[in-house]
Structures are given as C-alpha cells and as structure tokens.
Amino acid sequence: MELMTTYKSNNYPIIIKNNAITELTELLKPYRDVVFIVDKNVEFALPEKIQQALSSTSSEQFTHILKVEGNETTKTFAVYQHIIEELLEQSITRNTCIIAIGGGVIGDFAGFVAATILRGVDFIQVPTTILAHDSSVGGKVGINTPQGKNLVGAFYRPTAVLYDLDFLNTLPYTEISSGYAEVYKHALLNGEEAQLEIETAFPDKKALESLVSLDKFLLKGIQTKLNIVIEDEHEQGKRKFLNLGHTFGHAIEYNQKIPHGHAVMIGILYQFIVANELLNTQFDIMHYINYFKNLDYPLEKVLDTNFEPLLALMSKDKKNDKSGIQMVLLKEIGKPKVIHVNNEVLEKSFATLQNYLK
C-alpha cells in the first residue's frame, strides 16, 4: 500500500507493507552522508532488519550509526546537543539524509535533529511501532522540556515514510495497546460507522494482540490524519482536532509516567465526561470504561493523583490561548470542536471520572 501526500509542493510517499525497508536503497542514492538514528531496543529485537537498513547504503557513502534509547529520556536538550555535536565532528554536509528507525520518540527526536542541523537536512521516517503511524506522518518534530512534552520543535516534513509491517510482530502488548489509542482516536474523528467497525474488529485484548486486520485500520488512520494535515499543516484550525484526548492525556502521561497511548485513551475518556458536562451530550461513559478495560488500559492511574498537578500541566498545553485551557471535545462522534473549558468544569469532570473508576 502506498499513499502520496498532496501538498502544493514537497510531497512525500508513505509506503505501508512488509519489507518496506528495502525501499531505502533507491531513496538514499542521492546523498553523500547517511545517518541512522536507531532505537537500541529495535536493534536488539530485530538485528536482521537493522542490518538490512544499513546494507542499503553504498561504499561511496559516509554512513553514521547513532543508537539511542527509545523512550522520552532521549527527547532532551542534553541528548540533542550530544548528537548534534557528534554529527558536526563527523563533518557531515547539507547533502545528508537522517533515517529515524524506531517509535514516535525516535521520529520526533531525529526529525528535530534533521530540521535544525546545518539549517535543515533531509530525513526519512521508518516507524517501528503502531503508535508511530500517527507521529511519523504530518511533519511535527521536537523534544521535551522540564515544563512539558514537545514544547520545543518544528514543522518539518520527512522525505519519505516507510512503514515496514515486519516490525510490528515483535511488539509487546503494552506497545500494541499504546499505538491502538491513536488508531481509535482517528476512528472517533471519522464518525459512528468507523467507531463501530473498529470496536467490532478489536473487542478485547486477545483480538488486538493478534494484530489481524490492523494494517487496514492503520491505513485508514493515516489517511484521516493526512486529510486534516494537508488542509492545515501548521495547526491553525482543523489540525487541532488531532489532539483529541491529548490535553488531559499529556498531563496524566507526564504525571504518572505511563505510555503515551495509554494516557491518550484516558484523555479520550475524560473528554467524553467534559463534553457531557459542557455540551450537554449524552455519551455512555460506562461503555467506554468497559471497552477500555477489556483492552487492558490502566484507567486506575487516574486514582493515583489529584487534580492540581494535572491542571498545572494542562495549563501549559500548546493549544491554549489567553482565554485559558482549550480542549478538543466531540459534539458527537465524528464532529470535534475546539472549545475553552474553565477550571471549575475541568475539576468537576475529574472528580466525576474518579468516581466512575472507584
């Protein structure tokens, strides 16, 4: 399966298939320097795939291999500075391509390195997780600060995205469920039919763990995101809808140190409660609690914290404006809206969420 973005210029292919990594051979031919930024865990789990990637370069090219941790500890100024200095010491040129092999963290980090070193060099995303089907498309790259996630970054398109489905076969269930949250989010943005289809396909942990038919939903999720991003690349309008579940999600992720997708699913649940409170919707909260529990999401983490630190984190969200905290809420399935939510409603909704989960 292959998609091509439809921007006015600088379009790139998104290739989704088994053994997609072989496409690197042709893509890398124009470059003098090739830099692989690789998740150490991926190299350990699938050394033959990494070797396959490395063999795509020619003897005439300068190849650099940098191995980093595939978690949020990599997305720091310290690691960023270390990688930048190491590459500059290798005297890389503007005729360089950086290849990010790993999950969303690696894509975010390597993309930010590519966007900033020598005022920008090309990079290729090779996502190895389900979660990265979302982050590898759309051109957002960045690193974290002590104040929150992704607060330093850029909009910077890759040269290509190679989604090699072979990588998914080694994922633990924690990674599968984390990635599924973004796939499910895209279904909610699409409408009731898409929601019913995905909940029917993956009713419980056993079904999701099997990965059967997941590639179909990955493609739909990528297409959903592309349709929005191409219309609003720099998040001035509709692209904000892709942050469904992320305002509260980023806060609980940072506070409880849980996987991104698990936090997003909790954030989706929270926004249903806020929507019922603020928009007079009638979402069946117990339906979502039961469904998320069937998929083994750690909803109980909400009981391990209180509201004040979460509010402080939500107050730093990039979507906010001078009127306060902005959230993406569903007026109904498939109809998102960005709306200002006051602290009183946020706190009341948090208390309601905790009561549901006690």
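Glycine is no exception: its Cβ is also placed from the backbone N, Cα and C atoms.
Matching H260, H287 to the Zn(2+) binding residues that Swiss-Prot gives (E182, H246) identifies H260. Burial estimate for the binding-site residues (T129, T170): highest at T129, by number of other CB atoms within 10 Å.
A distance of 10 Å separates the Cα atom of G104 (NAD(+) binding site) from that of H260 (Zn(2+) binding site).
Of E182, H246, H260, all annotated as binding-site residues, the residue with the shortest Cα distance to D108 (NAD(+) binding site) is H260. Long-range C-beta contacts of I106 (NAD(+) binding site), restricted to its own chain and to partners at least six residues apart, with a cutoff below 8 Å, comprise I37, V38, D39, V68, G70, T74, A100.
Apart from the site residues E182, H246, H260, the chain places the Cβ of L131, D134, A181, K185, G245, G249, G261, A263, V264, G267 no farther than 8 Å from the centroid of the site's Cβ atoms, the recorded Zn(2+) location. Sequence-distant neighbours of K149 (NAD(+) binding site) (same chain, 6+ residues apart, CB-CB distance under 8 A): E72, H250, E253, Y254.
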